[in-house]
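Enquirer: This is the structure, below, for whatever I ask next.
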Amino acid sequence: MRAVNSFHSLLEHPHILSDCKRYRDQLFISFFSGLSANPRAIPLFLKNPLFKSYRKYSSEGIGVRMAAYKLVLIRHGESCWNQENRFCGWFDADLSETGEQEAKRGGQALKDAGYEFDICYTSVLKRAIRTLWFVLDSIDQMWLPVHRTWRLNERHYGGLTGLNKAETAAKHGEAQVKIWRRSFDIPPPPMDEEHAYYQNISKDRRYADLTEDQLPSCESLKDTIARALPFWNEVIVPQIKEGKRILIAAHGNSLRGIVKHLEGMSEEAIMELNLPTGIPIVYELDKNLKPLGPMQFLGDEETVKKAMEAVAAQGKAKK
């Protein structure tokens, strides 16, 4: 009760009343989130001064931004080339056994949390498609419509495609590899026609309808966002605003583009963001599609931490 009374006093502070309404709203949101996880506390909450403050501020038109929509993202499970620590990009590597288990666990987490969806989006690369299959199988929603698009593909790693990241770091330095992997607007070397995987990727019939300008030979994160955002804005956003419950299974960099757009992250911040494989990411969005808080992972903290650290370590030379 002391904590609640202190919280109430904080809300009544003149500086907060006059200058910090949005911060007060965030305090309310955090408090209400705790209540949703512990429903038995609601009767006690209704009797304490905090609820009176909430009613007072709501009647003043201040209130709390409530979640209008939920969005779930999931990065594909570990691929065979992830396992071998190779630059994958547009190469169509399949899931490893570990990746399959990650996808199944991600699906089970969504099932346990009671998630239902109306439509799904993914890339045209099998590691993302198969991850989505495992998730939909786990939640018994295999019948859902699935929209596949090259615009949600992983970033095209150009001439680096197929190279081992640690060996490349040993040759060129970890700093250079980090620039190639994580810089915002610096692309890797382009993939030329002599590259071992040029025919495999650039001449694949799934890309036959792309124009020369659309078919990349390499991409920076900025380039990846530039081809993903039109699909987000023109296709996915209208579906969200219609109330459709959306699941997106895609790749580290195409998802980082969506995250950067949603959260308004800086170029520097997005460079340091490591999205774990196979762990669902949940956003609660207001009516303007602005996040009400940071991304939430459907996984225990230690598992998420280890998965993010593993992604970050991929571009380091072996000791």
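Indices start at 1 and increase along the chain as displayed.
Glycine is treated like the rest: Cβ placed from N, Cα and C.
From TrEMBL, for reference:
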- His76: active site, tele-phosphohistidine intermediate (ACT_SITE)
- Glu154: active site, proton donor/acceptor (ACT_SITE)
- 75-82, Arg127, 154-157, Lys165, 181-182, 252-253: substrate binding site (BINDING)
- His251: site 'Transition state stabilizer' (SITE)
Enquirer: Distance check, please: Cα of the residue listed as 'active site, tele-phosphohistidine intermediate' against Cα of His251 (site 'Transition state stabilizer'), rounded to an integer number of angstrom.
Expert: 6
Enquirer: Taking the Cα of His251 (site 'Transition state stabilizer') as the centre, which of the recorded positions listed as Arg75, Glu154, Arg182 lie within 10 Å of it?
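Expert: If one measures from the Cα of His251 (site 'Transition state stabilizer'), the recorded positions that come within 10 Å are Arg75, Glu154.
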Enquirer: Around the C-beta of Arg75 (substrate binding site), how many further C-beta atoms are within 10 angstroms, looking at every protein chain?
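Expert: Taking all protein chains shown, Arg75 (substrate binding site) has 30 Cβ neighbours within 10 Å.
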Enquirer: Cα distance, Glu154 (active site, proton donor/acceptor) to Arg75 (substrate binding site), nearest Å?
Expert: 10
Enquirer: Return the single residue from the recorded positions list (His76, Arg182, His251) that has the minimum number of other CB atoms within 10 Å.
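Expert: Comparing Cβ neighbour counts within 10 Å for the recorded positions His76, Arg182, His251 gives Arg182.
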Enquirer: Give me the count of other Cβ atoms within 10 A of the Cβ belonging to Glu78 (substrate binding site).
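Expert: Taking all protein chains shown, Glu78 (substrate binding site) has 25 Cβ neighbours within 10 Å.
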Enquirer: Would you mind checking how many other C-beta atoms are within 10 angstroms of the C-beta on Trp81 (substrate binding site)?
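Expert: By my count, 21.
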Enquirer: Enter the number of other CB atoms within 10 angstroms of the CB of Glu154 (active site, proton donor/acceptor).
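Expert: Cβ-Cβ neighbours of Glu154 (active site, proton donor/acceptor) within 10 Å number 26.
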Enquirer: Between the Cα atoms of Arg182 (substrate binding site) and the residue listed as 'active site, proton donor/acceptor', find the distance and write it as a whole number of Å.
Expert: 13
Enquirer: State the Cα to Cα distance, in Å, between Glu78 (substrate binding site) and the residue listed as 'active site, proton donor/acceptor', rounded to an integer.
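Expert: About 13 Å separate the Cα atoms of these two residues.
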Enquirer: Cα distance, Glu154 (active site, proton donor/acceptor) to Trp81 (substrate binding site), nearest Å?
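Expert: Roughly 13 Å, rounded to the nearest whole number.
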Enquirer: Three states by DSSP: which one describes His251 (site 'Transition state stabilizer')?
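Expert: Looking at the DSSP assignment, His251 (site 'Transition state stabilizer') belongs to neither helix nor strand, so coil.
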Enquirer: Count the Cβ atoms, other than its own, that fall within 10 Å of the Cβ of Tyr157 (substrate binding site), considering every protein chain shown.
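Expert: Summing over all protein chains shown, Tyr157 (substrate binding site) has 26 other Cβ atoms within 10 Å.
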